[in-house]
């Protein structure tokens, strides 16, 4: 596999089939009418057409669409965020109802400008969804909220069905990939989430193709399992713009299959691994797998 940064060409298995049927256009219209953001759009997710047009799922992004951090892999805008919108939780909940979602993922930009990192709005969004959609399972994907224990507790007290927090890359590359976060703080965040609510599954994600080694990926798996993480997703890093980090390597689908086998052998209850896998990819299937694993342990 060629790894020359300047001459890497996107392989055939990363070619995406675009689908803009009425599900896609209807979902986009619903988001605009309710003044809502999705990470699908803001982060230029390659699966947006499959999720919106075929699966009719979306990942809501709350707390605005401007992030206080400038991670070098991420396409979300960076700058000074807008004021908090306390009506946003109700609008998200109503959109979930209109979409008739069985599983919903809620993520957010990092809000280092807020003392609680946005935890109060995040928690209220979970509660609002629960009130209007009592049978919908809820997955939350927050930033590290500054590593403040009280902020995490506020969110976990709202009782989401899955707590997802991404380490994004291996230990060695973290300072280069996401300079305003730390590898250890993310692991601590995941460990404390499990300590606060032991029955709530935790989840994390790793991007590959940034220059990591196979041994470093396996080390990251071990670190996640040591901190009681249940679910893992592994996907190919794709450069959003020329200003972002370049792709060092495109992994072959066979390599992803091998990584999945290794992850499952480490004790993860579920692992999604593939070129186009993202943190929220087939999230509805992951919550079902986590539920089945809990029942087996009971």
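Cβ coordinates are placed from backbone N, Cα and C, and glycine is handled just like the others.
A sphere of 10 angstroms centred on the C-beta of residue 280 ([4Fe-4S] cluster 1 binding site) encloses 29 other C-beta atoms. Taken from Swiss-Prot, the feature [4Fe-4S] cluster 1 binding site applies to 40, 45, 51, 280, supported by sequence analysis.
Averaged across the domain 'Radical SAM core' (53-269), pLDDT in this predicted model comes to 92. The domain 'Radical SAM core' annotation in Swiss-Prot covers 53-269.
Over all protein chains present, the Cβ of residue 67 ([4Fe-4S] cluster 2 binding site) has 23 other Cβ atoms lying within 10 Å. Under the heading [4Fe-4S] cluster 2 binding site, Swiss-Prot lists 67, 71, 74.
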Around the C-beta of residue 71 ([4Fe-4S] cluster 2 binding site), how many further C-beta atoms are within 10 angstroms, looking at every protein chain?
20
